[in-house]
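A.B. asks: According to Swiss-Prot:
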SIGNAL    1-25  signal peptide
TOPO_DOM  26-193  topological domain 'Extracellular'
DOMAIN    146-187  domain 'EGF-like'
DISULFID  C150-C165  disulfide bond
DISULFID  C159-C175  disulfide bond
DISULFID  C177-C186  disulfide bond
TRANSMEM  194-214  transmembrane segment
TOPO_DOM  215-223  topological domain 'Cytoplasmic'
Amino acid sequence: MASRESGGSRAAALLLVLGVERALALPEICTLCPGGMHNLSRVAAYCEDTSKLMQARCCLNQKGTILGLDLQNCSLKDPGPNFLQAYTAIIIDLQANPLKDDLANTFRGFTQLQTLILPQDVPCPGGSNAWDNVTSFKDKQICQGQRDLCNSTGSPEMCPENGSCASDGPGLLQCVCADGFHGYKCMRQGSFSLLMFFGILGSTTLAISILLWGTQRRKAKAS
């Protein structure tokens, strides 16, 4: 009997430790706002429908990757520096916050985002052309279906010959160099030499240090 109780205590302690470790590993953006996720929010519904984990304000997969973020009614004027931790999110709710109008660069890198819920007076990042559907309600605005603008007419021509267009978030594009090319306009061929880069950086730093040392010595002698 004592053995069973001892085993049960160990199991409970192990579960407690695992729970603490999971809590400690929770991304900071998930606890930006006190309390848990709103039960009737679209993020909570998505999390339940896909059998994902709900922790604080986040919906996570088994690896701890953020798939949903519910920061509605958090008195946020700006999503903050940790918002980038949610770049893997598929759905984000920011309604009922006094956000600033321009959020274009806030969502740079959010290439997986498919549903974004904003205050009614805040436009969808990238404008209506960056989304399949933009729906306005009395208290919120919903941006759905992020478009890949690289597929739009004329967009691929913005990249050089050895580069290709890639989405970088709602309404945002970037040029990615093809394999074997790098540098300005992807014109340099071959692998990027880290040894050469750090060699040049080290030489430049050494030269500046010697120059500053010489200047200080001359000032010291003059005084």
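Just so it is clear, glycine is given a Cβ too, placed from its N, Cα and C backbone atoms.
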A.B. asks: Using Cα coordinates, what distance in whole Å links C165 (disulfide bond) and C186 (disulfide bond)?
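C.D. replies: On Cα coordinates alone, these residues lie 12 Å apart.
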A.B. asks: How big is the gap, in Å, between the Cα of C150 (disulfide bond) and that of C177 (disulfide bond), rounded to a whole number?
C.D. replies: 15
A.B. asks: Just the number: how many Å between the Cα atoms of C175 (disulfide bond) and C186 (disulfide bond)?
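C.D. replies: Cα of C175 (disulfide bond) to Cα of C186 (disulfide bond) measures 9 Å after rounding.
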A.B. asks: Within the domain 'EGF-like' (146-187), count helix residues (DSSP H, G, I), strand residues (E, B) and coil residues, in that order.
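C.D. replies: Tallied per class, the domain 'EGF-like' (146-187) gives 10 helix, 13 strand, 19 coil.
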A.B. asks: Enter the number of other CB atoms within 10 angstroms of the CB of C165 (disulfide bond).
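C.D. replies: Cβ-Cβ neighbours of C165 (disulfide bond) within 10 Å number 19.
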A.B. asks: Within 10 Å of the Cβ of C175 (disulfide bond), how many other Cβ atoms are there?
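C.D. replies: Here the count is 17.
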A.B. asks: Tell me the Cα distance separating C159 (disulfide bond) from C186 (disulfide bond), rounded to the nearest angstrom.
C.D. replies: 9
A.B. asks: Count the other Cβ atoms sitting within 10 Å of the Cβ of C186 (disulfide bond), across every protein chain shown.
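C.D. replies: Looking across every protein chain shown, the total is 19.
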A.B. asks: Using Cα coordinates, what distance in whole Å links C159 (disulfide bond) and C177 (disulfide bond)?
C.D. replies: 9
A.B. asks: Validating a neighbour-count step here. Other CB atoms within 10 A of the CB of C177 (disulfide bond): how many?
C.D. replies: 19
A.B. asks: On a simple 10 Å Cβ count over all chains shown, which one of the disulfide-bonded residues C150, C159 is most densely packed?
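C.D. replies: Checking each of C150, C159, the winner is C159.
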A.B. asks: Over the domain 'EGF-like' (146-187), what does the predicted model average in pLDDT?
C.D. replies: 84
